Amino acid sequence: MKAVYIPVILIFALFFVIQNGMLDLRPWQALLKQAPMFLFIGAIVVALKFKQSRVVYILLFLLLSWALFVEIEHFKYLKFSPSLWFLSQLLILVCFSFDQNKTIFGRHGFFRAVIILAIIMANYRFNHSITLHELLNTELVTGLKLGGMTQIELILSVLALLMLAVKYISSPSKSILSIWIITFFLVYFRLIDAAVLTHLVAFSVFGLLLIQGVLTDSYQMAFSDELTGLSARRALLQSSLSLGKKYTVAMLDIDHFKKFNDTYGHDVGDQVLRLVASKIDDVKGGGKAYRYGGEEFTIVFPNKSVHYAIPYLEQVREAIASYAMTIRDNNDRPDNRKTGKAQRSKAQSRSKTVHVSVSIGVAEREGELKEFDEVMKQADEALYRAKKSGRNCLAE
């Protein structure tokens, strides 16, 4: 939750200060008026670089919103309804958030462009629609005033925020979080009828949020393992550059994993990888866990000797070996975690309990072992000796 409320609180504080005149930005108004354009263009370039297609089109729409807001000459004649354009922004943010990051300029890109064009045309067509205006201003609760927002807008705003929250919970990413924060503040500004300066600063903040979101997601894809959530091999190699002169490296390999995978299938194999990864990630003693590749994992103990690390590695090995994993048919799988836990403890007849184990090889940077790849090779050779010794053991 920190990822949500900390940026919201900080940005809220900034807007509160500006909205209430505690910070005089009028001398900077000309700069603030143009800054969002450069930030949005920069964000689009970054999103294109990292193939974040949905963010590209969201940025294009926000760029258009900024242009309409500051009334650039080419857009003056449009004069869209603020209420209808506000709802259009919510629609774009929600729809494109649930869209996949497919091709930017191909068929999917064309489809997104058509959606944006259709929304612009709808705004132009229904700008003066009395029926639509009356519908949006329908009072569901008599006498309830919501600043610059109608009651229908509030309901649709809450629905949009809930849908984006569901999207973030189901597939967490910094980009989706940034879009949720942007949506939240668009709703907030509509509710309080925010001042012009607040809007101008907000557009710049929105651009920065999406740049940060794209860069963070790209970093996660490059340096984190999607299946297990552990840091990936690239992160291991990057961190090795700053390890210093003393450290211990352990290589861990799941015993008989290929046979297990062939017997129970890849889905169960993925469950085993996630289980083992969670146990390895719980390593104590200052160890840092990585997924090296396949069924191999690495733990690095910075500034620690091999004799210091061994007891903590043994704890990991024993925790994995002692864990009873229950394999069920798909039809026998419980609907929630509590039921699953109860079924594991009762060892129901239609379930099969299996155990997995790991072999560990460990090496320390010392003597002639100066380079990280040399220490890794030594740990890998120790792992081979552990395998030859009967598996489910540690060798140094």
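Cβ atoms are placed via backbone N, Cα and C, with glycine included.
The transmembrane segment feature in TrEMBL is assigned to 5-22, 28-48, 55-72, 78-98, 110-126, 146-166, 175-191. TrEMBL lists 245-396 with the feature domain 'GGDEF'. As annotated by TrEMBL, region 'Disordered' applies to 329-353. Taken from TrEMBL, the feature compositional bias 'Basic residues' applies to 339-353.
The transmembrane segment (5-22) is not in contact with the transmembrane segment (110-126), judged by fewer than 3 CB-CB distances under 8 Å for residue pairs 6 or more apart in sequence. Against the transmembrane segment (55-72), stretch 28-48 shows more Cβ pairs under 8 Å than any other of 28-48, 78-98, 110-126, 146-166, 175-191. Looking at 28-48, 78-98, 110-126, 175-191, the range that has the most CB pairs within less than 8 A of the transmembrane segment (146-166) turns out to be 175-191. With a threshold of 8 Å between CB atoms, the same-chain residues lying at least 6 positions outside the transmembrane segment (175-191) that come near it are 3-4, 7-8, 11-12, 15, 52, 54-55, 58, 62, 86, 89-90, 93-94, 97, 146-149, 153-154, 157, 160-161, 164-165, 167-168, 198-199, 202, 205-206, 209-210, 212-214, 216-217. Mean pLDDT of the predicted structure over the domain 'GGDEF' (245-396): 83.
Residues 55-56, 59-60, 62-63, 66-67, 70, 104, 197, 200-201, 203-204, 206-208, 210-211, 214-215 of the same chain lie 6 or more positions beyond the ends of the transmembrane segment (28-48) yet place their CB under 8 Å from a CB of it.
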